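The structure appears right after this line, and notes come after that.
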Amino acid sequence: MNSFIKGFAALGIALGAAHAVQAAEYPLVKPVEQDWSFAGPFGTYERSQLQRGLKVYREGCAACHGLERVSFRTLEALGYSEAQVRALAAEYEVEDGPDSSGEMFTRPAIPSDHFPSPFPNAAAAAAANNGAAPPDLSLIAKARAVERGFPTFVFDIFTQYAESGPDYIYSLLTGYQDAPEGYNQQPGTYYNPHFIAGTSLSMPDPISDGQITYDDGAPETQDQYAHDVAAFLMWTAEPHLEARKRMGFNVMIFLVLFGGLVYLTKRKVWGGVDH
């Protein structure tokens with residue numbers, strides 16, 4: 001029994017060491033910083049880009065990834081009319097019930113519904129995707145923000161850099177490549193040095209040039225698709241970003257004025273008092 005435990009422990013150490021050596025030889029590549037309309041203290045979302053990003057999600061990502069925390073009615077913030085949102089929601093089927101017989105049933109979605117998951121449960125999602133359940137994308141732009149490390153994060157405080165998530169999504173979607181010679185790639189995985197949990201993942205390259213048709217004349221390239229869907233997923237993760245920035249700006253103005261009034265009051269009250 002002891003020899004079995006020792007052998008099992010030795011195997012674990014050997015596998016861990018092999019993984020560590022490979023991780024050191026093929027390190028994670030940091031996300032490529034992009035120019036985003038919503039970056040900085042005065043940044044705003046570009047509605048046309050968000051609409052294109054929604055299209056990329058629906059045609060390139062929705063078959064595997066859900067958007068369960070996003071309701072259809074919030075899409076009006078992207079510039080769609082109420083009628084357009086209602087028509088888009090009706091393209092989806094959602095489970096409802098129970099009915100008068102106690103049975104669950106499906107019906108066309110309405111604006112108050114959320115985007116349905118493409119799979120009934122996590123086990124079904126994993127079974128259909130080589131054992132790896134695709135994550136929900138509602139908050140992915142925040143959940144996958146890559147750490148910047150010292151001293152970069154110190155400067156981020158002053159530049160207000162908060163786009164690590166969309167930078168990562170863009171870099172991941174455009175970062176697929178052939179594995180380098182000597183790389184021990186697991187069967188059913190795809191090499192991508194930007195992948196945050198390693199250098200290969202179960203998801204194949206989901207988008208390619210010309211795959212999705214845009215209605216506004218934007219370039220139909222992988223680079224543009226990745227940029228647009230990353231911006232859209234930033235919006236799903238932080239739909240109130242613009243309001244937050246406006247509030248922050250107003251608060252800063254208030255603090256400056258309030259500080260000035262406090263200083264003038266102090267001068268008025270204590271100006272003639274000997275110290």
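Backbone N, Cα and C define each Cβ position, glycine as well.
Note: TrEMBL annotation is automatic and uncurated.
TrEMBL has this to say about the protein:
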BINDING   C61, C64, H65, M203  heme c binding site
DOMAIN    48-237  domain 'Cytochrome c'
SIGNAL    1-23  signal peptide
TRANSMEM  247-265  transmembrane segment
Of C61, C64, which of the binding-site residues has the most Cβ neighbours inside 10 Å?
C61
Enumerate the residues of the same chain, C61, C64, H65, M203 excluded, that satisfy the criterion Cβ within 8 A of the mean position of the Cβ atoms of the recorded heme c site; list them in sequence order.
A62, A63, P134, L137, P206
Go through H65, M203, the listed binding-site residues, and name the one with the sparsest Cβ surroundings, counting other Cβ atoms within 10 Å.
M203
Expressed in angstrom and rounded to a whole number, the heme c site built from C61, C64, H65, M203 spans a maximum Cα-Cα distance of 11
Mean pLDDT across the domain 'Cytochrome c' (48-237) comes out at 94
Per DSSP (helix/strand/coil reduction), M203 (heme c binding site) sits in coil
